[in-house]
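Peer 1: Mind looking over this structure? Questions follow.
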Amino acid sequence: MTTSFYFLLMALGLLLYVCQSSFGNQHTRTFDTPKHRCGSEITNSYMDLCYRKRNDAGKKRGRASPLWQRRGSLSQLKARAKRNGAFHLPRDGRGVVEHCCHRPCSNAEFKKYCS
């Protein structure tokens, strides 16, 4: 193997690295990238985005909040949401399902439905 062959291999590798690093990041998601949320994803997003700030103090002390422990209980969350009206607040005449399931919404848009 000659020196020019190694040089060609190194140049090709460098070219592939530059192409991957400059064009490879266009499809990555950030924290606030709009996305579709349907079904249980709406519930999980509601728990994560709406109750995270309230529970941070408990997490720092090493305790999980009772609401977070009952995360899988959809009926309790539905009852709370119905009582608070969180999922029925009019936002331009649409609810959270119409706004975030039928078309993508960001976390900031989803937080508007927090009570």
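Glycine is treated like the rest: Cβ placed from N, Cα and C.
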Peer 1: If you have Swiss-Prot open, could you say which of CYS100, CYS114 makes the disulfide with CYS105?
Peer 2: CYS100
Peer 1: Look up CYS105 (disulfide bond) in the DSSP assignment and reduce it to helix, strand or coil.
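Peer 2: Looking at the DSSP assignment, CYS105 (disulfide bond) belongs to a strand.
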Peer 1: So for CYS100 (disulfide bond), how many other CB atoms are inside 10 Å of its CB?
Peer 2: 23
Peer 1: For PRO104 (4-hydroxyproline), which of the modified residues PRO34, GLU41, GLU98 has the nearest Cα in space?
Peer 2: PRO34
Peer 1: Quick one: what's DSSP say for GLU41 (4-carboxyglutamate), helix, strand or coil?
Peer 2: helix
